[in-house]
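Peer 1: The FAD binding site annotation in Swiss-Prot covers 4-34. Feature annotation from Swiss-Prot assigns S-8alpha-FAD cysteine to 307; the stated evidence is sequence analysis.
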């Protein structure tokens, strides 16, 4: 059977691409090397922060606002509570470029934010210990997504829509020819008019020249009492340390607060090198300095997990067709901040499959910037 679209990699972005393409009436085949939602990619670990006033630059704001609207729409259609608006506090030095970008994004797109000095931070969230030169930009309408539930919901929706599913089936090659594009798997070869590659960390196994580097990362849950819960109005957070290293975290649930270090990690070249949490000495200690200085009331590490980032050289996304074949689109290089965008990126991919342009400017994410 020939398909209108084959999606390679059916995690967060891939499942969304399959969903929106099938909603548009396309004949879609979704392929994944595992059985999503799974632990092998970048969508596990229960939650992901949803920020609107974007510290990585205002070019992301139209995309993230579209993603938020689509997440809300999906939640309404399925009855699943995918997003929790607990608010997000962005903390950092008063000269932080990241916070300047947050403020600039909010101003340009008229997003509701509140800027607080260190005294106001301590008054509003007394569990935070902050230096005198720190400020916060609080986003009351932001929060977090339930990432595993979100992927599970998308997979269920595409299955009910009659989308072709080929899971636990690695892809070995993409072959272009005049009549279409062949996707070679261990189960056979499948053909499509268009192909979208959303293969996450291991995309270079299919596209070896793509400028993406896999990095092993970890996050962990720590003992935290009710002061750190949503019931006590404790928000999700990003914190920039004085050395510019960024940490992130979530309100405690069941007395466990999840947090991680955005920077750092271990360069890896294969899935076998993505060792479980605890296999590196720093896994259990890399957040200690942050906790000691900013959240000293948070307790011992209860558990942790490993994941992986697909890092681009500039940590901005790659959303483009391949120079050698414009019938193949790649969405990659999400660099540890991509999950929140999954619905919008999936919509962009589905529009590509219909020969329709993205209504949102994605030119900043083209491969041309690396040439």
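Glycine is no exception: its Cβ is also placed from the backbone N, Cα and C atoms.
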Peer 1: Could you tally the C-beta atoms, other than its own, that fall within 10 angstroms of the C-beta of residue 20 (FAD binding site)?
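Peer 2: Within a 10 Å radius of the Cβ of residue 20 (FAD binding site) lie 25 other Cβ atoms.
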Peer 1: State the Cα to Cα distance, in Å, between residue 32 (FAD binding site) and residue 307 (S-8alpha-FAD cysteine), rounded to an integer.
Peer 2: 17
Peer 1: Give the number of CB atoms, excluding that of residue 32 (FAD binding site) itself, located within 10 Å of its CB.
Peer 2: 27
Peer 1: Which is it, of 8, 16, 24, 28: the one of these binding-site residues whose Cβ has the most other Cβ atoms within 10 Å?
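Peer 2: Highest number of other Cβ atoms within 10 Å: 16.
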Peer 1: Between residue 24 (FAD binding site) and the residue listed as 'S-8alpha-FAD cysteine', how many Å separate their Cα atoms?
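Peer 2: That comes out at 32 Å between the alpha carbons.
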Peer 1: According to DSSP, folded down to helix, strand and coil, what is residue 307 (S-8alpha-FAD cysteine)?
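Peer 2: The residue in question, residue 307 (S-8alpha-FAD cysteine), is strand (DSSP, three-state).
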Peer 1: Using the alpha carbons only, what distance in Å do you get between residue 28 (FAD binding site) and the residue listed as 'S-8alpha-FAD cysteine' once rounded?
Peer 2: 28
Peer 1: Out of 4, 8, 12, 16, point to the one nearest the residue listed as 'S-8alpha-FAD cysteine' in space (Cα versus Cα); all of them are binding-site residues in the record.
Peer 2: 12
Peer 1: Could you find out if DSSP has residue 32 (FAD binding site) as helix, strand or coil?
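Peer 2: Looking at the DSSP assignment, residue 32 (FAD binding site) belongs to neither helix nor strand, so coil.
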Peer 1: Taking the Cβ of the residue listed as 'S-8alpha-FAD cysteine' as centre, how many other Cβ atoms lie within 10 Å?
Peer 2: 22
